[in-house]
Amino acid sequence: MSAPSNVTIDPFAPFDLFDVSLDDTFGAVLLTTFFGLILYGLGLHQTYRYARLYPEDLWFLKLLVVLIGILESLHSAMNMHTCYHYLVSNYFNPFILPKRGVWSLSFLPVCSSAIMIVSQIFFARRVYLIGPKYRYVVALAVFCLAGELAFGVAAAVEANTVTGFDQFYGLTARILALWLISACFGMAAAADALLTGALIIVLRKSRTGFNGTDSLIDTLIIYTINTGLLIGISNCLSLILAASQPKNLVYVGFSIITAKLYGNCFLAVLNSRKRLATRGMDIFDTNSIKMNAIANAARLQELEQWNVPQIDEPESPAVINIHVTTETIGEGLELDSERNESHQEIDDKSYSVSV
């Protein structure tokens, strides 16, 4: 007996068996993957510009750029594999959901944490070079970065034990998203706040009292806040979504964007050095912030390449030698009445003035 011709079958009805919505699970991952690929292309362009503009940079900076490029490529490949596995290879196959999650989705937190840590190494090293008292801030930031990586690995291990979405909606979801993922984002946000706050404090202390210089410092502060604030907002959004909505993958989508923002901000800081220098805005350059001479040329080169701001410190007063020549013109009266002449007395004196 044939089925009535007027019966309409919902193609997504089998998904109701597992109480899964494609919109806020793989739909969110798909959309953020698209946007992440745009940021990935921007990062490749910035990597190319860095190779053209700074061929003489330190080998360690070049290593960080290479690592960011490799990790960003792996991150994009994992995102695309996740979308292809669930939305193409297993199209109209809802029974794939009770099975163990695909490897690319399970290990995505580890790759994201690695990108964040490599990017933050540059910012941490920059704060470390400012001065000894700021190294305590770097130590706290490094502790947060280590915690971020630890929670990311723990989240990947826990996600790999999930056998399907039915278990994902149980206690595992609360452990995975509410605690592990949230702690990972929280550690990343704390490290970013520490490093960005240290840079802002240094720039605020570098005010000179001259309107022209202060306006440049205000601009530098804006640059620093925007760089840290953009990543911080994304981290906070991911943290809030992971804690409030652990039963969907929206927070995974925001983590994809956050990982791309880390790499792009790192490359943007490196590539902006020459462009801002031509406009009289050497961002984090020692010559625009610190007016004192740096005796060690090697240290100066290191500070400039790492884009480090400097605070004016008291130094021994500079000595300026001033040579003063005075001329005294007087009338010399001779005993001889027939002779009356003028003579000049020249007195040379040298002074030393400390300023």
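Cβ atoms here come from the backbone N, Cα and C positions, even for glycine.
Owing to the predicted nature of the structure, the values given are computational and were not obtained by experimental measurement.
So that you can see what the record holds, here are the features copied from TrEMBL:
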DOMAIN    188-275  domain 'DUF6534'
REGION    336-355  region 'Disordered'
TRANSMEM  26-47  transmembrane segment
TRANSMEM  59-81  transmembrane segment
TRANSMEM  101-124  transmembrane segment
TRANSMEM  136-157  transmembrane segment
TRANSMEM  177-203  transmembrane segment
TRANSMEM  215-243  transmembrane segment
TRANSMEM  249-270  transmembrane segment
**OP:** Establish whether the number of Cβ pairs under 8 Å between the transmembrane segment (26-47) and the transmembrane segment (177-203) reaches at least three, counting only pairs separated by 6 or more residues.
**Re:** no
Subject >> Positions on the same chain near the transmembrane segment (249-270), where near means CB under 8 A and six or more residues out >> reply: 24-26, 28-29, 31-33, 35-36, 39-40, 42-43, 46-47, 50, 54, 57, 61, 64-65, 68, 71-72, 75, 79, 105, 108-109, 111-112, 115-116, 118-120, 122-123, 177, 181, 185, 188, 227, 230-231, 234-235, 237-238, 241-242, 283, 307
Subject >> Beyond the flanks of the transmembrane segment (136-157) by at least 6 residues, Cβ under 8 Å >> reply: 106-110, 112-114, 116-117, 120, 124, 127-128, 176, 180-181, 183-184, 187-188, 190-191, 194-195, 197-198
Original post:
Average pLDDT across the domain 'DUF6534' (188-275)?
Top reply: 79
